[in-house]
Every structure is written in structure tokens, then in C-alpha cells.
Amino acid sequence: MSHLWCWLFLVLCLACLVLSIEAKDSDGDGLLDVDEINVYFTDPYNADSDQDGLTDGLEVNRHQTHPQDKDTDDDSIGDGVEVNNLGTNPKDPDSDDDGLTDGAEVNLYRTDPLDADSTTTGCPMGGGAEVRHRPQNGDTDDDGLTDGAEVNVHRTNPQDGDSDDDGLSDGAEVNTYHSNPKDGDSDDDGVSDGAEVNPKLKDSDGDGLTDEEEIKLYRTDPFCADSDFDGLLDGEEVKVHKTNPLDGDSDDDGLGDGAEVTHFNTNPLDADSDNDGLDDGEEINVHGTDPEDPDSDNDGLNDGDEVNVYNTDPEEDDSDEDGVCDGAEVNVHHTNPKDEDSDNDGIPDGAEINTHKTDPNDEDSDDDGIADGAEVTLTDSDGDGLPDEDEVALYNTNPANADSDYDGLTDGAEVKRYQSNPLDKDTDDDGLGDGVEVTVGTDPHDATVTTTGSRTAVEINVHGSDPNDEDTDDDGLTDGAEVNLHRTDPEDADTDDDGLTDGAEVNTYRTNPKLADSDGDGLSDGAEVNTHKSDPNDGDSDDDGVPDAAEAKVKDSDGDGLSDTDEVRFRTNPKLADTDFDGLTDGAEILKHKTDPRNRDTDGDGVADGLEVNTYGSDPKDADTDDDGLTDGAEINVHDTNPTDADSDDDGLSDGAEVMTYHTNAKDGDSDDDGKADGAEVSASTDPWRSDHSV
């Protein structure tokens, strides 16, 4: 009996010992030692078996990562860095599903691994491109590797951009040259890695800077000739223009450095090249003024003062059209350049200064108790029958000259009796002066002077046109219409020499055939119609706030439909019509198709944008144009189906269903040739791959 009790006691002790061992967590990582040994194969005496910054317990119980693999998702970022520093998913190599692994985004492209729309801040040419520092990426020494990558992956010094002092930054060694950032001579040949880089071509991108200068001095990309995409080579920026090769707009004036140097001839280091108080970009893009001329309209006020102080028009020398230029009003007469009658006496400032010699700032210049305007109204200085005030304010005639147009009729007679124009000696443009017509008894309003027969004396004696040809100059307007209606020259098909015939101007474009620039935008009507395809009746045809003439001055070097300035803004190549070589010009991509001119396959379906538009008719912005479950690229390159037809063989099954679900021939409506369409067989639960066979 005593033996039995001894045996039971021994069994009980052993059980307690086992329970004690099984309940033990030696390293305090949240996993029992027995589980670490038998289940997870981790070290029960090391809380972080894979040294990734997460305890084994956290990896198993919270994050479901591998406690023996410091980088569970193989994205080149340790699990601990992902959880503790970046906030990315340590089990998903591409946390934001943008097609780039988290490691590539953090260590190579320097984009946000949690934002699918984040963009790189340097040349997308590879890891050697030096980019601006992003604090969230934590790159203390700006060597192109995050501190976490340096410490946890490469074991380099996160505070030394060139840990092995070989002349190459740690980032360049890892991402571009694939050399050892901790070994100055990775191949042990006696020549440092920095000295070996491109030994026969010291300037890899041909930008005028050696690779060593780009890496060590300027932080530019030795494989990208124009690191900031401003249209100037990095070497040209550093050595010639002294601009920042990492900043496309060195002076922050709204114009790219390349545009300033190449097109506008402004100073890319001075935001206000003409020192007129307006930034160069503001002058070109907003006001249409000349960034190299401080006084674009030559009115005596600089452009900046006109815009910022006086609120006058920097392109109009007489903003209030009172006959006195803005500068004279401000600096000489001290009148208001935006008010044609500064003293409100009823006489425009110009008339007071130039005609009446009164004070434009004093409504009663002679202090006689009668306003200047009233005094002028009562006076007829030239005795032509029109008060001086009416001559100035209504008819714009000379109050000191009774016959302003020297046609033999007084201004008063023309206005009151004959209703002819006192400023036009030949009101009806028939070649006979108004005074002559009154003298001989003809009508100064009627250009037709009847003779015996059907011909007119005007045609025979004055205009020289052919009385037997109703359209002497073949411009599309009859001679009568030209003389009597439009006041154009019946012998000159293009009276205003603007490049459009008078008939085209009147009948087609509705422009003024006597005015070469109908909309006053600085471009002739012919140039607008024939060259620039702009509206000759609208000074800003595209309503973008920039006058047509200013836009016409902007160069389109590659003829892709985008101005070089716009290309700098869109970061395309202004000297290459198709920057991404996808078969569509940059202009067509931006203005028409809304695709990415720097990505030859905008929707990532495996088919270049140009082929989608020009060859297959598919949508370059939709990877699956016909929504059949197959990408356009798969349809074109693999299955030879129609990417714009969801059911290429019209059998009642979509191409995607045939390929991925039923494994039938998406190009053959009856895969088994049994006389029944694949779709009908699926509906009838028969096998579309076997003749009349039930599934």
C-alpha cells in the first residue's frame, strides 16, 4: 500500500513540473517557452528572435508576422520599421496598392508608401537620382537611404552620407551601382568604387557636370541631364546661369528657368527682371506686359505702379481716354488717371489742358462763380454755330477752328444742316468733298452720282473701278457694297492688308474689313485665322486670361500642340513631340485624350496609349475597355480577342468568363463544334468542350 502512495506522489510531482515548464515565459515576449520551442521554433530566451524590432509575442499575437523573418513581406523594410516608424503593413509588400513595394517607395523612389498618389520629387531615373528630403522618410544624411534602411538593412551610418568614404553616397551604391556601401573597394581591385564609376565617361548624362560633381557637390542625378525638368541642363544651370539645378523656378517668379532663358530673355535669378514691381510671371501670364520693359505702354508710369498703386491699365497709355497719358496725369497735372474729368466740371481733363487752358483740378478755374463747363458751353470761340463745349464733348471738333476737316463747310453747317461728318471731308467716301458736293448740288451722303446711262461718275472719275464688273477686285463684295456700305476699296481685295479678303471679313469672319486687327489683340485678322486658328473677334480666344498675341509669342519647339512653357509646367520634353514614345503627341495626350504624356501606358494594361487610340480603338485610361474581365493587354497580346467587345465571338459568354471560368475559346462561339454556342451550353449545364456532353 505504501508503494502505491509513493508512486502516486511521484506522478503528481512530475505533472506539476511539466505544468510549471509549460506555463513558463523565460524572455517575457508573450509566448510560452514550450510554444516557442515546439510551435514557432523561436528562441525562448530571446524576446525578439529575428531582431526586427518586434517581440515574438507581438509578431504572433498582434501582427501575425513571422517571428523568425525580420521582413515578413520581403519588401526590403523590416517588420519593426514598418510597424513602429512607417505605419505600413508588414504583411503587405505594397501597403497602398500603387504597384511599388513599400521598400521601393521608401528607399528608391522616395514616395509615400501609404499614399498611392504620392509623387517622387526628383528624376524618375533610378535610385541614383538625388531628391529633396521628405521628413516622413527619415533620411538624416540625405544619402538616398532612410535611416531605418541604413540601420536595419544595410548596416550603414545614417548620419554619414558616404559611410565608406569612397566618393559614392550610400544610396547611390545601393540603388544605382549595387556596390557595398560599407566597403570603399567592393571588388577589391585596388581602385575605390567612386573612382571606378564610369571610368571612360565621367559625365554619364552629358549635362556638363561630372558624375562626381553631381553626386558630391550639387546632389543632382548623374543619369538625368535636367534634374529639375526646367529645360536647362544641370551643367548649364550651374556654370552659365547660376540657377539651382534642383529647382525648376529658381527665382519663384512663376516662370521656369528654361522658359526665362530660352523664350522670354528674362533673368532666371531675378523675379522682377525690369524692376517695375511685378514678377516676370505675373507680367506675362496675368497682365500681358513686357517683363523686360518697366513701362510697357510708355505712359510715364512703371507697370508695377499702374497695377499696384494707381490701378490703371499698364498696356494702355491713357486709361481714362481723356486725352492725357497716365504718367502726365500723375506726375505733371496731378489729375486722376482713371477719371476723364477729375474736377467734375463737365470738361474732360485733356480738353481743359490742351484746348481751354483751364485747371483740370478746379471746376471754376477763374473763380468767377461759374463752372468751367458752363462757361465753355456758352462760348463759340470759332463762330461756327457750335458751342465750344459741344465741339469738345459731343463732336470732338476743334472749338478754335470753324471748319475742322477743311471741306469748305463749317462744323455747325455740317452738324445742323447737312448732317455730314464735321471730321470727315468726304462723308460718303465718294471722292468728292462735302463742300464740293453742296456746291454742285449733289448729296454728300450718297456716293452715286448719276450720269447719262447706267454708269456712275464716281466709278468712272473717282474710284477707277470697272463700271461693267460688279466686283472689280474679285473679293466677294460688289463695288457698290464696298463704296456705299463697307467703305472699302473696290480695287483692293484686302483693303486693310490683314491677309483676309474684304469679302471673307464681311461674309465669313464678321471682322472689320477696314481694320487689320478687329479685336485689338495685337494679331492681324489674317494671322489669327490662317496661322494661329484663334478668333479674330475675341482678344482672348481661349478665355485663359492671356491675350492671343501674348500666347502667339510663346514657342512650340516640337510642334506637339503645347507651348514650350506649358511643357515645362507639365514636365514634358519641349523638344520632343512625344515624350514617352507611346505614339501620341504630348499635346494630344493632355488636351484630347487626358492621358499621361510621361507614361507610355497610362492605364497599365500592357498596351501603349498610342496603340490603344490609333490601332485598337480601346480606352488608354481604362485597363479593361469592354469590362469583360480581361485587361486590354491580355486580350491583344495573349488571347487575340477584341478589347472593345466584351464577347468577341458572340456566344453569350464574356471573354473573361470564357478564359478564366469555363476555359473555352473566347474567339470561337462553339468551342467543341457540336452546333451549340458555348453560352447556350453553359446555360443548359452541358460541357462546352465536349459535344452534347452533360456537366
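Heads up, the Cβ atoms here are built off N, Cα and C, so glycines get one too.
Per Swiss-Prot, signal peptide is recorded for 1-20, and the stated evidence type is sequence analysis.
Here Swiss-Prot flags 24-38 as repeat 'TSP type-3 1'. Long-range contacts of the repeat 'TSP type-3 1' (24-38) within the same chain, counting only residues at least 6 positions beyond its ends with a Cβ under 8 Å from a Cβ of the stretch, are 44-49, 55-58, 60-61.
Residues or ranges marked as region 'Disordered' by Swiss-Prot: 45-695.
Long-range contacts of the compositional bias 'Basic and acidic residues' (59-70) within the same chain: residues 30-31, 40-42, 49-52, 78-80, 83, 90-91, 152, each at least 6 residues beyond the stretch ends and with a Cβ under 8 Å from a Cβ of the stretch. Sequence annotations record features per position, and here Swiss-Prot assigns compositional bias 'Basic and acidic residues' to 59-70 (among others).
What Swiss-Prot records for 70-82 is repeat 'TSP type-3 3'.
Annotated repeat 'TSP type-3 5' per Swiss-Prot: 202-214, in sequence order. Within the chain carrying the repeat 'TSP type-3 5' (202-214), a Cβ under 8 angstroms from the stretch's Cβ atoms is held by residues 130, 167, 194, 220-226, 233-236, 238-239, all 6 or more beyond its ends.
Within its own chain, the repeat 'TSP type-3 6' (248-260) has Cβ neighbours under 8 Å at 228-232, 237, 241, 266-272, 279-282, 284-285, 564-565, 568-569, 574, counting only residues six or more beyond its boundaries. Residues or ranges marked as repeat 'TSP type-3 6' by Swiss-Prot: 248-260.
Taken from Swiss-Prot, the feature compositional bias 'Acidic residues' covers 271-283 (among others).
Look at Swiss-Prot and you will find 291-306 (among others) tagged as compositional bias 'Acidic residues'.
Per Swiss-Prot, compositional bias 'Acidic residues' is recorded for 313-324 (among others). Long-range contacts of the compositional bias 'Acidic residues' (313-324) within the same chain, counting only residues at least 6 positions beyond its ends with a Cβ under 8 Å from a Cβ of the stretch, are 278, 287-289, 296-299, 301, 303, 306-307, 333, 335-341, 348-351, 353-354, 360.
Feature annotation from Swiss-Prot assigns repeat 'TSP type-3 8' to 317-329. Across the repeat 'TSP type-3 8' (317-329), DSSP helix (H, G, I), strand (E, B) and coil residues number 4 helix, 0 strand, 9 coil.
Summarising the annotation, Swiss-Prot assigns compositional bias 'Acidic residues' to 361-370 (among others).
The repeat 'TSP type-3 11' annotation in Swiss-Prot covers 379-393. Sequence-distant contacts of the repeat 'TSP type-3 11' (379-393) (same chain, at least 6 residues past either end, Cβ-Cβ under 8 Å): 346-348, 351, 355-356, 373, 399-403, 410-413, 415-416.
As annotated by Swiss-Prot, compositional bias 'Acidic residues' applies to 381-392 (among others).
Listed as Cβ neighbours of the repeat 'TSP type-3 12' (402-414) (distance under 8 Å, sequence separation of 6 or more from its ends, same chain) are residues 382-386, 391, 395, 420-427, 433-436, 438-439. According to Swiss-Prot, the feature repeat 'TSP type-3 12' maps to 402-414.
Swiss-Prot lists 467-477 (among others) with the feature compositional bias 'Acidic residues'.
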*Of the residues in the repeat 'TSP type-3 19' (600-609), how many are helix, strand and coil by DSSP?*
1 helix, 0 strand, 9 coil
*So which residues does the compositional bias 'Basic and acidic residues' (589-603) touch in its own chain, when a touch means Cβ under 8 Å and the partner is 6 or more beyond its ends?*
561-562, 570-572, 579-582, 609-610, 613, 619-623, 632
_How about long-range neighbours of the compositional bias 'Acidic residues' (361-370): same chain, 6 or more residues beyond its ends, C-beta under 8 Å?_
333-335, 342-345, 352
*Go through 291-306, 491-500, 665-679 and flag the stretch with the largest number of C-beta pairs under 8 Å relative to the compositional bias 'Acidic residues' (271-283).*
291-306
*Sequence-remote partners of the compositional bias 'Acidic residues' (491-500) [C-beta within less than 8 Å, at least six residues beyond its ends]*: 463-465, 472-475, 482, 509, 511-517, 524-527, 529-530, 536
*Kindly report the helix/strand/coil residue split of the repeat 'TSP type-3 12' (402-414) according to DSSP, in that order.*
4 helix, 0 strand, 9 coil
*For the repeat 'TSP type-3 1' (24-38), give the DSSP counts of helix residues, strand residues and coil residues.*
6 helix, 0 strand, 9 coil
*How does the model score the repeat 'TSP type-3 8' (317-329) in terms of mean pLDDT?*
91
